[in-house]
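**Q** Quick one: the structure is below, questions incoming.
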Amino acid sequence: MADKIVLAYSGGLDTSVAIPWLKDKGYEVIAVSLDVGQHGKQIENIQKKALKIGAIQSFIIDGKDEFAENYVSKVIKSNALYEGEYPLVSALSRPLIIEKLVQTAHDNNAVAIAHGSTGKGNDQVRFEAAIHALDPEMKIEAPIRDFQWSREEEIEYAHQHNVPVPINFDSPYSIDENLWGRSNEAGILENPWNQAPADAYALTSPVEDTPDEADFVDIEFKNGLPISVNDQEMKMADLIVYLNKLAGIHGIGRIDHVENRLIGIKSREIYETPAAAVIMTAHKDLEDITLEHDVAHFKPIIEQKITNLIYNAMWISPLFDALNKFIDETQKVVNGTVKMKLYKGTATAVARKSENNSLYSEKLATYTSANSFDEQAAVGFMKLYTLPATVYEQVNHIHSKEKEEI
């Protein structure tokens, strides 16, 4: 009896030709597709396609809610933007996909897992690092990386094995998508001097085509996570879908970014993240009035490390778990509502409130007669605040010596 292998199946040509290729190696192929909110893809057709090509089983797993609640949530709470721009769209879905692949392999007594990553991308590391962590004995196959066909050779192989070639196969782009956004690379985008053409975008309108009137949305957060829009409570996945559509109409969330990949090269990427742009801007704004001074200044250090761990395939690690416990502790006070203005490609926080956790005191901040700040206390504070530097200068005369030399 042939060994079983679980294939991470997208329905595209690469993972489709992988089915007969793996069969030729003696495997019985089980295709697994995870629905994490891919825009416009007919997930049922993907399941039928895998079976038609030769998979013995094809599973479609609805992971949208789990993805939003257990994965996107961590990015929101930690304000995770890789290199200050990228909200980890593709990197974020990989740990969940891999978890389901390993679980399916165990449930079906499979001896191996196959993925469709190339030898040039980050995903090969993300897939294989997580698989090794979850099951060190699991064998891994990487057909796309191993056979290294040209496009013409791949099409010829597809025809020989009755694998349908997608009608959009001539598209130059390599696209990945989920609830949290859309990534696009390759083709004309590989030259960073080329402006991204209109067809590189799908979720967002060009700014010149956006409405001339702004939309305002009130986003309520509880423990650092969005729970409602304009007083309408929603599951997080539904909330993200809603904001993706609304913010996309206003051209919000376009990112043109040359990033440093884990494997050492620089890559030009086009991202569309409408909901992420709105939610993360609102979340950070709410933190500004609810986090204590030292926490607010220290948290970005932890955020950057968490961001890099996610991007660099270290979701499954004790450090990642420990840092997220710190983040979760900080989010207990991040409760309130932020009013966002969506207009001409920008998402701007224009008002915010927190009934029980706001550290902003209008009486302390005002310059009117309602002021309750004790300004005389500032005199003694200045003396104590500068005392270490004052004593150091008195002893060493550093700056006075510099003046004498001049």
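We number each residue from 1, going along the chain as drawn.
Including glycine, each Cβ sits where the backbone N, Cα and C put it.
According to Swiss-Prot, the protein has these features:
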BINDING   A8, Y9, S10, G11, G12, L13, D14, T15, S16, G116  ATP binding site
BINDING   Y86, N122, R126, S174, S183, E259, Y271  L-citrulline binding site
BINDING   T118, N122, D123  L-aspartate binding site
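Just tell me what is around each of these and how deep it sits.
**A** Around G12 (ATP binding site), a 10 Å sphere centred on its CB holds 18 further CB atoms from the protein chains shown.
All protein chains considered, the CB of Y271 (L-citrulline binding site) has 27 other CB atoms within 10 Å. A strand conformation is recorded for Y271 (L-citrulline binding site) in the three-state DSSP classification.
There are 23 other Cβ atoms within 10 Å of the Cβ belonging to D123 (L-aspartate binding site).
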**Q** Using a 10 Å cut-off, grab the number of neighbouring Cβ atoms around the Cβ of S183 (L-citrulline binding site), all chains included.
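**A** Neighbour count, Cβ to Cβ under the 10 Å cut-off: 21.
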**Q** When you average the Cβ positions of T118, N122, D123 for the L-aspartate site, which other residues in that chain have a Cβ within 8 Å of that mean position?
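**A** Once T118, N122, D123 are set aside, the remaining close residues are S117, K120, G121, Q124, V125, R126, I263.
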**Q** Return the single residue from the binding-site residues list (D14, E259) that has the minimum number of other CB atoms within 10 Å.
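**A** Across D14, E259, these binding-site residues, the one with fewest Cβ atoms within 10 Å is D14.
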**Q** Other residues with Cβ within 8 Å of the Cβ centroid of A8, Y9, S10, G11, G12, L13, D14, T15, S16, G116 at the ATP site?
**A** A18
**Q** Going along the chain, which residues six or more apart from S174 (L-citrulline binding site) have their CB under 8 A from its CB?
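**A** Listed in sequence order, they are N184, E185, A186.
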**Q** Can you tell which of the binding-site residues A8, S10, D14, S16 lies nearest to R126 (L-citrulline binding site) in space, using Cα positions?
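**A** Answer for the nearest of the binding-site residues: A8.
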**Q** How long is the line from the C-alpha of Y271 (L-citrulline binding site) to the C-alpha of D123 (L-aspartate binding site), rounded to the nearest angstrom?
**A** 17
